[in-house]
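Q: If you scroll down you'll find the structure; I have some questions about it.
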Amino acid sequence: MPAQSMEELVSLCKRRGFIFQGSEIYGGLQGFYDYGPLGVELKNNIKAAWWRSNVYERDDMEGLDASIIMHRMVLRHSGHEATFSDPMIDNKKNNKRYRLDHLLKDQKADVIAKVAAEMGESVDNFAAVVAALNAQPAKASEVFKTAGVRDPFSGEVGDWTEPKPFNMMFKTTIGPVADDESYGYLRPETAQGIFTNFKNVVDSTSRRLPFGIAQIGKAFRNEITPRNFIFRVRELEQMEIEFFVVPGTDEEWHEHWLEKRLKWWEDQGVPRGKIEILDVPKEDLAHYSKRTYDLMYDYPTLGHEEIEGIANRSDYDLGSHTKSQSELGLVAKVEENADSIAKLTIPHPETNKPVVPFVIEPSAGVDRAMLAVLSEAFTKETLENGSERIVLKLKPHLAPIKVAVIPLARNKEEITSVAKQIKGELQSLGLGRVLYEDSGNIGKAYRRHDEVGTPYCVTVDFDTVGKGEDPALVDTVTVRDRDTLAQERVKISELAQWIQAKLR
Ligand code: GAP
């Protein structure tokens with residue numbers, strides 16, 4: 001059974017070294033997390049699985065790694081300067097600041113119902129209530145007070161300001177000159193690095209439509225209320241594809257990517273049955289979107305929340321950058337062919353005329369993927385002897401440690417040297433991390449490796465080195481299976497092949 005609560009996951013992540021609070025020794029920094037020894041392995045494995053499936057296993061994809069800090073003009077013409085904001089509201093009594101929709105969602109049902117009624121909206125349409133509050137800020141402030149909206153910090157009814165938009169982009173100065181123009185933004189989505197490199201990739205690879213560009217990287221959002229562990233953070237990582245298609249074929253490709261992405265999640269141990277597909281209502285669509293499917297995974301404690309968005313961005317971004325390029329005089333106007341003033345175009349595969357392609361964008365959060373994968377793998381079992389164990393039943397390709405090699409006696413050179421040799425040999429197979437584990441007794445080592453999801457533990461004992469009672473066991477080791485707990489004696493000479501077959 002998957003994790004029942006977020007607390008279970010948070011506790012495991014901290015205890016076993018998956019995830020720590022950022023800047024913890026100075027009291028922590030809200031919305032920032034550090035990935036520990038096992039977290040970095042799991043995260044890398046998730047990213048590698050995504051890259052393998054979306055880049056290596058397709059013939060219509062290129063990869064990219066663009067810079068994080070971007071020219072302010074990119075984010076101006078992408079629409080982020082004007083629209084990438086969330087509504088915030090302050091309590092004048094204690095100067096606490098909240099994201100309007102989060103604040104409302106956290107109220108008791110009768111308070112939400114009162115607010116909805118006052119704003120003339122159905123309580124069942126939360127998005128419409130929030131939209132009405134944003135559209136009428138003065139009334140929103142009054143209604144929050146009369147309906148009794150409480151401050152989650154003080155527990156008292158707040159003296160609420162009018163909501164106003166808060167732009168979530170992190171701005172930073174660039175270079176030693178601090179004039180008004182010397183600033184850039186930390187990208188709020190990796191996507192813009194793909195759009196701005198569209199022409200570079202097309203020119204250097206001779207790609208024709210349809211094709212995609214994939215990128216994994218950090219993005220930054222100054223969230224008003226970061227919360228729920230790594231679910232909503234200020235420094236996040238995204239796995240994004242911009243898939244460029246001939247206009248008119250976009251809806252078909254949108255369905256293609258929806259299917260592909262659901263299948264990928266399933267391959268990572270996140271079943272379809274746990275993901276609801278939300279066809280995002282028109283009024284909630286991002287400024288660039290023609291249509292978006294949000295994949296809503298059923299997170300423990302939180303319920304269904306977005307793990308990935310699959311958007312049809314139409315020709316919004318390339319079109320907008322093209323337009324601004326030409327307005328800024330960065331692209332020379334070619335009189336004889338008005339179409340070619342557009343820089344970010346590609347020849348139409350049939351007519352050969354320049355066309356601004358449409359874009360389908362599957363965009364998944366790495367941090368949210370970690371939470372989902374951990375949640376699905378988390379299992380509490382009662383064993384035959386009545387004891388309880390926690391085991392992470394991760395798919396082997398995601399497991400942070402593939403094999404732990406354990407010498408039964410850590411002070412016996414004849415045993416440790418064989419264990420070290422086996423570790424070296426298994427490590428060289430390129431399956432991922434193999435750990436030489438001599439930190440405690442065997443029972444504790446098994447418990448620890450169950451909790452971090454190590455598929456196999458290999459134990460070297462006295463029999464292995466001919467100091468035991470059974471001569472038939474010389475040059476063999478015990479291999480313990482994480483899920484079945486079955487223990488098998490395997491010849492050292494056949495071990496690499498045995499492990500390889502099981503893990504692949
Ligand atoms: N380029 C499109 C885009 O950025 P989005 O829906 O804003 O779309 C895509 O973000 C994904 O990034 C989300 O589905 C989620 O998994 C992840 N994400 C967004 N904001 C996040 C945050 N503050 N913390 C963690 N993950 C986040």
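Cβ coordinates are placed from backbone N, Cα and C, and glycine is handled just like the others.
Just so you know, TrEMBL annotations are computer predictions that nobody has curated.
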Q: Figure out which of Glu189, Glu413, Glu414 sits with Arg99, Leu236, Glu237, Gln238, Met239, Glu240, Glu361, Pro362, Ser363, Ala364, Gly365 in the substrate site per TrEMBL.
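A: Candidate listed by TrEMBL for the same site: Glu189.
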Q: Among Glu223, Glu240, all listed as binding-site residues, which has the most CB atoms within 10 Å of its CB?
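A: Going through Glu223, Glu240 one by one, the largest Cβ count within 10 Å is at Glu240.
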Q: For the binding-site residues Arg221, Arg232, Arg234, Pro362, Arg368, which sit with their CB under 6 angstroms from an atom of ligand 1?
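A: Among Arg221, Arg232, Arg234, Pro362, Arg368, near ligand 1: Arg221, Arg232, Arg368.
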Q: Considering all pairs of residues in Arg99, Glu189, Leu236, Glu237, Gln238, Met239, Glu240, Glu361, Pro362, Ser363, Ala364, Gly365, annotated in the record as contacting substrate, what is the maximal C-alpha distance expressed in whole angstrom?
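A: Max Cα-Cα spread across the substrate binders: 27 Å.
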Q: Relative to the Cβ position of Ala364 (substrate binding site), how many further Cβ atoms are located within 10 Å?
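A: The Cβ of Ala364 (substrate binding site) has 24 Cβ neighbours within 10 Å.
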Q: What is the nearest of the binding-site residues Arg99, Gln238, Pro362, Ala364 to Glu223 (ATP binding site), using the Cα of each?
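A: The smallest Cα gap between Glu223 (ATP binding site) and any of the binding-site residues is with Arg99.
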Q: Checking your reading of the structure: which of the binding-site residues Arg99, Leu236, Glu240, Pro362 lie inside a 10 Å Cα sphere centred on Ile307 (ATP binding site)?
A: none
